[in-house]
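A.B. asks: What TrEMBL records for this protein is below:
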type	residues	note
DOMAIN	41-439	domain 'Major facilitator superfamily (MFS) profile'
TRANSMEM	38-63	transmembrane segment
TRANSMEM	75-98	transmembrane segment
TRANSMEM	110-130	transmembrane segment
TRANSMEM	136-155	transmembrane segment
TRANSMEM	167-190	transmembrane segment
TRANSMEM	196-215	transmembrane segment
TRANSMEM	253-274	transmembrane segment
TRANSMEM	286-307	transmembrane segment
TRANSMEM	319-338	transmembrane segment
TRANSMEM	344-367	transmembrane segment
TRANSMEM	379-403	transmembrane segment
TRANSMEM	415-433	transmembrane segment
Amino acid sequence: MVALSCLNRNGYVNPESIQQTRTEFRPSAVLPPVDGSYIALLVGAQFGVFLAFITPVAISLSIKIDQLAPGHQEYLGYITGLGALVPMLIGPLLGSLSDRMRGRFGRRRPFILAGMCVGLLALLVTAMATNLGVLAAGWVLAQLGWGNALAGLLNSQADRVPEQQRGRVAGLAGSAALIAPVIGVVAAGLLRADTVALFVVPGVVGAVLVGGFVARVPEDSRDLPAVEPLTVRALAAKYVIDPRRYPDFSRNWIGRFGFYFGLTFNSTFLAFYFADRLGVGVGEVAGALGVVSAFGVVATAAGALGGGFLSDRLRRRRVFVLISGLIFASGAVVMALAPGLPALIVGSLITSVGLGLFSTVDQALALDVLPDRSREAGRYLGILGFATSVPQAVAPLVAPAILTAGMAAGQKNYSLLYLVAAACTTLGGLVIMRIRSAR
């Protein structure tokens, strides 16, 4: 129940009084454990979302671009980059709108369902595109739709999953997200002759799984306190936070930013680095990268599941995040100093374990320190998304300066790049260790 002092003259919750009464709405104090059916539906829905919009990135878009613009592989980067940029910018807006939704269908389900419908229709547009403009527009809408559905699923975790279950739930959901692209690529091999099916079949499977979550997970937000409508001025404020008011959320944001900066350095130039170390053309390392990718999925899933369950059992998050940064850094150092293929593979697998551990435990930690979780989880998770997406856009632009440092013309300093990646993930873990409100 909302104290009368928290209401303004229009009957809405006064945002200025939220800080004073925050303990009344902290869900971590009252949330019951979620049951197995919720976890299964959530994991299935997250698998479906990743199957729908990661499969095109892995193979389907490449095939379509090769049909529309043979020999212009650079368009893949332009289109996927644009597709990632739009949802990133709109994320906090959609999250804030979701936070304000009141009705018998709840706050999250309408946005998950709408995102799924938009994403599925956009995949059909993308599949049937006859020129690059339509292809780009379709893919942007697909990313926006499926990205919104994924954000709704994450918001649902913030609303429902208690602290003692967040690690294992994040581990299971994260593992499903890792397996989905592998299955998608295998399915693409069977559907290769039908371009439309390459896009639509993964989308239909994803829609069925997401629809199952929406239909089977009840939610009703009619009893939640009303909040003021979102104005343009208030919207601008939703994109920023005050680090002094929310220091632990800010530390988590900075630490995640550092980790993903290092991860992007490591992954973006992997094929070129393998080719450079082995003294072969980029096209000739496909087999080695296939082996690394296959075993990497297993290693990442092991790190995700192991870290998630252990962090819940031991009630510790920060130390696992630091360990994940150090594990990733050690793998990057092995790769930086690798004399040949065996060491490259070993180093890559070590980084995969670190990535799985970080992605699961830091996700649980982020929910632990999320400000005003019961009111504005969508907004703050949208802001947190910048810590992942901005490094993916900026790190590739910074990398050329590192690659050419101290090298003669035509040579690349990949060893330095991977050492810098190790430093970034280590620093990210150290920053997160400074969080005070979670263990």
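Note that Cβ sites are derived from N, Cα and C of the backbone, with glycine treated the same way.
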A.B. asks: Would you say the transmembrane segment (38-63) and the transmembrane segment (136-155) are in contact under the rule of three or more C-beta pairs closer than 8 Å, pairs 6 or more apart in sequence?
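C.D. replies: These two stretches do touch.
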A.B. asks: Top stretch among 38-63, 286-307, 319-338, 379-403, 415-433 for CB pairs under 8 A with the transmembrane segment (167-190)?
C.D. replies: 38-63
A.B. asks: Quick one: find which recorded stretch in 196-215, 286-307, 344-367 has the most Cβ pairs under 8 Å with the transmembrane segment (319-338).
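C.D. replies: Checked against 196-215, 286-307, 344-367; highest Cβ contact count belongs to 344-367.
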A.B. asks: Hey, which of 38-63, 110-130, 253-274, 379-403 has the most Cβ-Cβ pairs under 8 Å against the transmembrane segment (196-215)?
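C.D. replies: Most contacts with the transmembrane segment (196-215): 38-63.
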A.B. asks: Cβ under 8 Å to the transmembrane segment (379-403), counting only same-chain residues 6 or more beyond its ends: which ones?
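C.D. replies: Apart from its flanks, the transmembrane segment (379-403) reaches 81, 84-85, 88, 91-96, 99, 151, 154-155, 158, 238-241, 249, 252-254, 256-257, 260-261, 263-265, 268-269, 366, 370-373, 412-414, 416-417, 420.
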